[in-house]
């Protein structure tokens with residue numbers, strides 16, 4: 001067999017197949033996906049608007065929540081519009097550069113959100129375990145530094161994936177059986193050894209996420225120990241309620257992610273279209289439900305939303 005010519009083998013376009021085996025149902029599937037996406041845009045937009053306009057919410061915990069909402073918007077907007085274009089207009093083509101860009105921002109926002117959740121866990125740890133030093137430790141400058149760390153770490157982890165994909169030769173296979181571009185989905189189309197991509201794609205990002213999860217778990221172990229030392233049951237309940245929203249958001253983010261990884265690793269008998277559906281739902285569920293969790297469970301957010309949107313409407317009706 002003659003050696004492969006590795007020059008000029010990057011395809012001009014890739015073809016996103018959508019959800020293989022369910023092409024006839026794409027129109028129906030788009031209805032709940034579009035509804036969830038619009039609701040996620042509205043919910044996260046309201047959270048950002050309220051935090052931006054209400055000076056009383058310019059506190060570390062709410063600034064971190066604003067960062068979380070921003071990461072959610074990037075995560076969903078990176079993937080869902082192209083997904084809907086495939087479902088509605090059969091716009092399956094995506095340029096090689098656009099595919100790499102989508103892949104980068106997909107994994108980048110996921111990694112950044114993990115760091116933000118870790119920062120929020122540290123915020124709850126200081127608030128409960130060392131409340132007297134909370135204002136000194138969790139300053140606005142510290143929150144900004146946490147945001148910069150989230151951006152820098154995510155960039156350093158994900159940007160090498162772009163070079164790992166650009167170095168590969170692609171010999172005519174350009175159909176990605178998915179609704180969006182992700183690292184291994186692109187790498188599998190290469191006509192060369194992709195062991196470096198597999199090793200890096202699994203080891204580095206996965207190790208970073210596992211480290212975040214371990215540190216979050218450690219912070220909550222220390223929080224629980226501190227709660228048990230509180231003398232008053234009322235104080236314990238109040239302190240635990242302050243962590244409830246964050247625990248729900250952590251569960252919404254990490255449980256589906258690890259479930260998706262496990263189904264890809266061990267669920268080989270699960271149909272491929274089920275894997276794709278789970279991956280699509282994952283980029284929608286956290287952005288959709290995070291604003292609901294914080295809006296329902298956080299009294300300050302709920303009160304400011306009512307003040308900003310409900311009270312003006314009542315006044316206009318009375319006039």
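Positions of Cβ are set from backbone N, Cα and C atoms, glycine also.
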Transmembrane segment according to TrEMBL, located in which of 28-51, 172-195: 28-51
Long-range neighbours of the transmembrane segment (134-165), counting only residues six or more past its ends (CB under 8 A): 58, 60-61, 63-64, 67, 71, 100, 103-104, 107-109, 111-112, 115-116, 119, 123, 126-127, 183, 186-187, 196-197, 200-201, 204-205, 208
Dominant neighbour of the transmembrane segment (103-122) in 28-51, 63-91, 274-296, by Cβ pairs under 8 Å: 63-91
